[in-house]
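Okay, so here's the structure we're looking at.
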Amino acid sequence: MSDILDEIVIEDVVANCPQEFLQYHKCIRDNEENPGKCKDGRMILSTCIREKVPSVKSIMSECSEPMKKYDQCIRDNMGTRTINENCLGFLQDLRKCAELQVKNKNIKPSINGVNLELIKD
């Protein structure tokens with residue numbers, strides 16, 4: 001389900017924040033040596049995602065506890081290079097919660113209420 005979760009969220013982002021997504025990724029492509037130049041685009045895309053992407057809004061709302069624990073683990077282990085070892089369990093808990101949100105709410109990428117899966121077929 002992890003790959004499916006990633007695909008659903010990415011499709012949802014592209015569907016609901018297309019300009020922001022394209023502008024940010026174009027900036028990254030054009031500034032491979034210095035991706036820091038794309039900070040503004042990253043912030044604009046992040047804001048759009050938080051405000052307009054249904055799957056992300058649901059995950060952020062319903063999975064705030066595992067998200068906080070994972071974030072705290074990253075902060076606590078940033079200087080020790082042990083993030084993978086110490087935080088993997090928190091990441092797995094967060095992904096399980098996110099998968100449940102997508103699965104239980106039957107979230108599928110859509111634009112203005114039109115299910116994109118219907119368009120693909």
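The backbone N, Cα and C atoms fix where each Cβ goes, and this holds for glycine too.
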Quick one: which of Cys63, Cys73, Cys87 does Swiss-Prot link to Cys97 by a disulfide?
Cys63
Swiss-Prot annotation of motif 'Cx9C motif 2' - which of the ranges 5-15, 38-48 it falls on:
38-48
Take the C-alpha atoms of Cys48 (disulfide bond) and Cys27 (disulfide bond) and report the distance between them in angstrom, rounded.
17
Of the disulfide-bonded residues Cys27, Cys73, Cys87, Cys97, which one sits closest to Cys17 (disulfide bond) when you measure Cα to Cα?
Cys27
Suppose we draw a 10 Å sphere around the Cβ of Cys87 (disulfide bond). How many other Cβ atoms does it contain, all chains included?
20
Who sits close to Cys63 (disulfide bond): which same-chain residues at least 6 apart have their Cβ under 8 Å from its Cβ?
Leu94, Cys97, Ala98, Gln101
